[in-house]
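The structure appears right after this line, and notes come after that.
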Amino acid sequence: MRVLVDTSVWSLALRKGGPADHPKARQLARLLSEDQDLFLTGIILQEILQAFRAETTFRRVEKHLQPFPLLRLDRRGFVEAACIYRRSVSKGVAVSTVDCEIAATAIRNECLLLTADKDFERMARFCDLKLL
């Protein structure tokens, strides 16, 4: 199973003293223990890392995330992201450009998206995004 893990889930799992018992954090732990194919995007990696102020924590988390390949969009993927945005907005659903890019990346790379962000649930009604 190919899974793109969103920033929201990594944040739950990596938060010191935080909600590691959150269902999505437990789901990530299970996927890691099952040696599933887990992926990031460049923006997800950036969002995770920019949250850490301490250099040692930044470096430790960067090293921890090193094994997870980065998925990218090509031109058609960015067009798909724009279509997701347009469809969602036309249905009255506010979505961000970044979230549309993440959704398009999951779709184009045939990945399920593991997220704790409810915006993706709303977006999935208007595109081929599959949530885990």
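Heads up, the Cβ atoms here are built off N, Cα and C, so glycines get one too.
The annotation Mg(2+) binding site is assigned in TrEMBL to Asp6, Asp99. Among the features that TrEMBL reports, domain 'PIN' is placed at 1-122.
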Using DSSP, what's the helix, strand and coil tally for the domain 'PIN' (1-122)?
71 helix, 14 strand, 37 coil
If you count other Cβ atoms within 10 Å of each one's Cβ, which of the binding-site residues Asp6, Asp99 has the most?
Asp6
